[in-house]
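Sharing a structure with you now.
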2 protein chains.
Amino acid sequence: MSTAIPSVPAATSPSATVHIDLGERSYDITIAAGLLADPASFDGLPRAAVAVIVTNTTVEPLYGQRLRDCLAGRFPAIHTVVLPDGEDHKDWNTLNTVFDALAAHGCDRKSVLFALGGGVIGDMTGFAAACFMRGIPFVQVPTTLLAQVDSSVGGKTAVNHPAGKNLLGAFYQPLQVVCDLSTLATLPPREMSAGLAEIIKYGPIHDMDFLAWIETNLEALRAGDTAALAHAVRRSCEIKAEVVGADEREAGLRAILNFGHTFGHAIEAGVGFGVWLHGEAVGCGMVMAATLSQRLGLVDAAFVARLRTLVERAGLPVVAPRIDAADNEGRYLELMRGDKKSEGGEIRFVLIDGPGRAVVRPAPDALVRSVIADCCAAG
Amino acid sequence: MSTAIPSVPAATSPSATVHIDLGERSYDITIAAGLLADPASFDGLPRAAVAVIVTNTTVEPLYGQRLRDCLAGRFPAIHTVVLPDGEDHKDWNTLNTVFDALAAHGCDRKSVLFALGGGVIGDMTGFAAACFMRGIPFVQVPTTLLAQVDSSVGGKTAVNHPAGKNLLGAFYQPLQVVCDLSTLATLPPREMSAGLAEIIKYGPIHDMDFLAWIETNLEALRAGDTAALAHAVRRSCEIKAEVVGADEREAGLRAILNFGHTFGHAIEAGVGFGVWLHGEAVGCGMVMAATLSQRLGLVDAAFVARLRTLVERAGLPVVAPRIDAADNEGRYLELMRGDKKSEGGEIRFVLIDGPGRAVVRPAPDALVRSVIADCCAAG
């Protein structure tokens, strides 16, 4: 079908809006290429005297000015807080530097924070917004694939503590999530792969048709094809929206979104935060969780092999690291017992209860140990 | 009337339960003498593997063991975190020591925190509970009059920041508030007076009959009469419950509970946190806010004089301190502009719009300056 050339650049690519339904805390995720080239992307926001962009040293030179240009007509004062890049700065002290900046810039309860960056920036900015004056508005502008499909959606905010990843945080929803697919063009391949892990995740836990679509379109996704990315981001956000809408505060169902994360968090903590990317640990963790599901008789070996193949094709590790020379399995168990989902020292695993369906349950230590031993690199 | 001696010590005094209606976040405030002598006071709580009592060096030797005895049958492990006493420790760093303790004691999402102490302990413990693992249950056990009638009720939690009192915090509701009136027996007279300020507050903003009752019963309250205290705590909690139930997150109505607090916070910050007790600053701040209300034509001079007399009778200061030798009024205005209730640099005063009725509105700088000048000690 032949049509006139659209006048708005953002509309030249596939675009979508996913609605997160949480009553008075509802909001939209807008997904398209070029959103940061168009001030209209932020038309739904309230006006305020001050906007503060929180970003990092990597993203600021790439997209800081573009976002400031978008916001210039809406906020008389726009300040930018540039944090050091990386998971090892996602802590209590860095969070405090954000508060110092907000106070120094005279922010009030109507000031709007913008999280411009990946998952670390989004988690920290959201937590800062949750705490400052007991809660001020914030907007997620995720610039990594992982943040666009997972961490920027659903209102989980946090910083790490030496005793555990994301140990301190809040459930706090943004006003809006703006996913500009164009920002993925500058994303290093390793981080694209990390984002694919969270996309793949939605298949085994909820939608095997989507898993099949990913298998078919994996090369297009890794090559940064906008149409493929638009579909993957939208479908991921739709599934997340459905789960979060049913269980905002992780009383039950929402925990299935942590498929691969229990083993994954142990990997991240075991090798030291920042050595493995979160998505890499989740990718490997999914293979481990699927293996545990198989040993419990929930799925067959073909399912595990299929998932393992896809994770590997996505450029993600499928062999877990050894994290303790003397007692590798024991160290994994110890770290998993410290996970937020543990209760009374019992680890709650997200397992696959048949393809496309997740279940949260404990598992015998001996079985978990055998899975760790078999999934880890030779000692 | 002659009756048999009751078998339960707690029942020898007047007791009451006030319900805070906030949907799924609803809870009860129980008010009686002797509640910490009776494990049944905590019967409504969920069971969990770990309870952590957060208290301070003053309260721990007085009531720590009593609370542990109450909880011993319900929680297999009970830990106590003893913080230094005082407003100047209500900060980000002290909060982090609480997190370190929770992590060290292996707390999980079901662990229950108990805030045993005054407003500082309640605010910090509540904020810690709000943040740890994105929210774990907590119980308020206020041991000061101020905490029993105000800070332990309504879910405002916070720590201070150099740029402002309670600048960082969360709205986070407790599971229960247990007000043991017996704990007030050990409260220093100065802190009793500070608590009376928050009790008096409920009169001008909502209930002039209650104000008249306070005028009649002030000596009994100051002397620690249990029946008088029971009525004052109950009525204060009832009014607060009504206001908080209508506006949990301070979108509008709830701000009236800050009558006296805008001037009061400027006093606290101006002389240095901890020099004036919060209640002392609020007492003096109410006189200033009433004076401003009069100058705006909202109440008459007799009303201001009546309030001033009662505040003074309660043992509270009614003359404001000078906080800047060169520009005292300017410094007050500067501090009030940094208040959380300010918007775009405009100070929102809680004023009395006729006896028993509060209103939140701005006021001309010149008028505010004249009130400050007239209410402050001679330079």
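Keep in mind that glycine also has a Cβ here, set from the backbone N, Cα and C atoms.
No curator has checked TrEMBL annotations; they are predicted automatically.
Sharing the feature lines straight out of TrEMBL:
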BINDING   B:85-90, B:119-123, B:143-144, B:K156, B:K165, B:183-186  NAD(+) binding site
BINDING   B:E198, B:H261, B:H278  Zn(2+) binding site
DOMAIN    B:81-193  domain '3-dehydroquinate synthase N-terminal'
DOMAIN    B:195-342  domain '3-dehydroquinate synthase C-terminal'
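How about a rundown of where these features are and what they're close to?
Using a 10 Å Cβ-Cβ cutoff, B:D85 (NAD(+) binding site) registers 17 neighbours. Secondary structure at B:D85 (NAD(+) binding site), as computed by DSSP, is coil.
Counting only residues at least six positions away in the same chain, the Cβ atoms of B:E87, B:G119, B:L146, B:A194, B:G264, B:E268 sit under 8 Å from the Cβ of B:H278 (Zn(2+) binding site).
When pLDDT is averaged over the domain '3-dehydroquinate synthase N-terminal' (B:81-193), the result is 95.
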Cβ-Cβ under 8 Å from B:D88 (NAD(+) binding site), same chain, 6 or more residues apart: which ones?
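Listed in sequence order: B:F273, B:G274.
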Validating a neighbour-count step here. Other CB atoms within 10 A of the CB of B:G119 (NAD(+) binding site): how many?
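Within a 10 Å radius of the Cβ of B:G119 (NAD(+) binding site) lie 24 other Cβ atoms.
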Compile a sequence-ordered list of residues in the same chain as B:T183 (NAD(+) binding site), six or more apart from it, whose Cβ lies below 8 A from its Cβ; state 'none' when nothing qualifies.
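B:T183 (NAD(+) binding site) has long-range Cβ partners B:L36, B:L62, B:Y63, B:T143, B:T144.
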Which one is it, among the binding-site residues B:D85, B:G122, B:T186, that lies nearest to B:H261 (Zn(2+) binding site) by Cα separation?
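Checked the binding-site residues B:D85, B:G122, B:T186; minimum Cα distance to B:H261 (Zn(2+) binding site) goes to B:G122.
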From the centroid of the CB atoms of B:E198, B:H261, B:H278, the recorded Zn(2+) site, which same-chain residues not already listed sit within 8 A by their CB, in sequence order?
B:L146, B:D150, B:S151, B:A197, B:K201, B:G260, B:G264, B:G279, B:A281, B:V282, B:G285
Can you tell me the three-state DSSP label for B:T144 (NAD(+) binding site)?
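The residue in question, B:T144 (NAD(+) binding site), is coil (DSSP, three-state).
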With DSSP as the reference, give the number of residues of the domain '3-dehydroquinate synthase C-terminal' (B:195-342) in helix, strand and coil.
106 helix, 3 strand, 39 coil
Of B:G122, B:T186, B:H261, which of the binding-site residues has the most Cβ neighbours inside 10 Å?
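When each Cβ's neighbours within 10 Å are tallied, B:G122 tops the list.
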